[in-house]
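K.L.:
I have a structure here, written as C-alpha cells, and I will follow up with some questions on it.
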Amino acid sequence: MLRAGWLRGAALLALLLAARVVAAFEPITVGLAIGAASAITGYLSYNGIYCRFAECCREERPLNASALKLDLEEKLFGQHLATEVILKALTGFRNNKNPKKPLTLSLHGWAGTGKNFISQIVAENLHPKGLKSNFVHLFVSTLHFPHEQKIKLYQDQLQKWIRGNVSACANSVFIFDEMDKLHPGIIDAIKPFLDYYEQVDGVSYRKAIFIFLSNAGGDLITKTALDFWRAGRKREDIQLKDLEPVLSVGVFNNKHSGLWHSGLIDKNLIDYFIPFLPLEYRHVKMCVRAEMRARGSAIDEDIVTRVAEEMTFFPKDEKIYSDKGCKTVQSRLDFH
C-alpha cells in the first residue's frame, strides 16, 4: 500500500516536471503533449490528487452569470450591446448540457474600444487563471501567422493545435486577435470544428468557445453611431439588429479581413457578430478612473480631466469619439 502511494506520488512529480519542460516548446508541441498527458493523468486525477498541484479541466464547473455580469458592468464602458450579447450568449451556451456546435463570437470595432479587455474578462470567468490558463489559447495574427507563403503550414498546425487541446479539455477557449491582419484562407482550416458535427475524427468540439477580434467593420459601426447621434438619438438606442447584418456582409467582402469570403460566414457558423461602439469623452474619463482604482490611487478628477483632454477626437467638426478609444490611457496616466 505504501509502495503504491509512493509510485503515485513519483508519477505525479514526474508529470509536473514534464509539463514545465513541455511549456518551453512551441505551441503545437505543447498541444500534442497535453493530449498525451491527459491519458497519463487519468488515474491520478480521479481522486483529485493531481488537481491539487496543477490546473485541471473541470467541465462540470458552472458559469457564475452574476459574477460575469458584474465584471462587464463595472469594467467595460460604453458597450451596452457587447455586454448584453456576451452575457446572454455565454450563459445560454454554458447552461446547455448538449450544445449542437461550439460557441463562436466575432468582435468588431476600432482599437481601444474594449475587444481585448472583454476577451480577458470572458477567459477569467470561464477558467480561474484566465489568459494564463492551460485551457485558454491566444493567437495573434502578426505573431503566429506572419508569412503569406506559409498558409498551408499554418492551416495544418492550427488544426493539430486545436485538436490536441480540445482532446485534453472539451471546454477550451480559443481567441484569435488581429483578425483583420490574418491572411485570408487560414481561418477556414478550422471550419469543420465549428460546424454541426457530433465528432470530427473522434473528437467533439461542441463545448469549445472560439472568439475572433477584429478592427474590420469599425467604419460601419462608427457610421451607424454617428447617424444616431446626428438624429438626436442615444447610443443606447442602437440595437444589435441595426449593425449585425451590415457587419457580417461588410467583413465578408472586406479584402483586408481574415474573414474575407470565409466559409465560416458563408455557412453561418459565427453565432454573433458583436459591434464595439466608438468611445466618447465621458467613456474615456471612466477608463481613467478605472485605471486609477486598479493602481490603488485616489480618484483625482483634475487628473481625470487632463488625461481625457489630451486624447484626440473625431470627426473633425463634431469631435465626438476618441480616435484611440481608451488604448493610451495607461501610458498617459504615467505622466500625471
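For all residues, glycine too, the Cβ spot is worked out from N, Cα and C.
TrEMBL does not curate its annotations; it predicts them automatically.
So TrEMBL lists these for the protein:
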SIGNAL    1-24  signal peptide
BINDING   G109, W110, A111, G112, T113, G114, K115, N116  ATP binding site
DOMAIN    279-335  domain 'Torsin-1A C-terminal'
K.L.:
Mind tallying the domain 'Torsin-1A C-terminal' (279-335) by DSSP state, helix then strand then coil?
P.N.:
29 helix, 5 strand, 23 coil
K.L.:
Give me the long-range Cβ neighbours of G114 (ATP binding site): same chain, 6+ apart, Cβ under 8 Å, in sequence order.
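P.N.:
L76, F77, G78, Q79, A82, F276, G325, C326 - these are the non-local Cβ neighbours of G114 (ATP binding site), listed in sequence order.
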K.L.:
By a simple count, how many Cβ atoms lie within 10 Å of the Cβ of G112 (ATP binding site), its own Cβ left out?
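P.N.:
Cβ-Cβ neighbours of G112 (ATP binding site) within 10 Å number 22.
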K.L.:
Sequence gap of 6 or more, Cβ distance under 8 Å: name the residues on the same chain that satisfy this around W110 (ATP binding site), in order along the sequence.
P.N.:
N215, G218, I221, T222, F276, P278, D323, G325
K.L.:
Which one of these binding-site residues, T113, N116, has the sparsest Cβ neighbourhood, judged by other Cβ atoms within 10 angstroms?
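P.N.:
Fewest other Cβ atoms within 10 Å, among the binding-site residues T113, N116, is found for N116.
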K.L.:
Compute the centroid of the Cβ atoms of G109, W110, A111, G112, T113, G114, K115, N116, then list the same-chain residues not in that set whose Cβ lies within 8 Å of it, in sequence order, for the ATP site.
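P.N.:
Once G109, W110, A111, G112, T113, G114, K115, N116 are set aside, the remaining close residues are F117, N215, F276, G325, K327.
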K.L.:
How does the model score the domain 'Torsin-1A C-terminal' (279-335) in terms of mean pLDDT?
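P.N.:
Average per-residue pLDDT within the domain 'Torsin-1A C-terminal' (279-335): 94.
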K.L.:
For G109 (ATP binding site), list the number of other Cβ atoms lying within 10 Å of its Cβ atom.
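P.N.:
G109 (ATP binding site): 28 neighbouring Cβ atoms within 10 Å.
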K.L.:
Have a look around A111 (ATP binding site) and count the other CB atoms within 10 A of its CB, chains all included.
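P.N.:
Here the count is 15.
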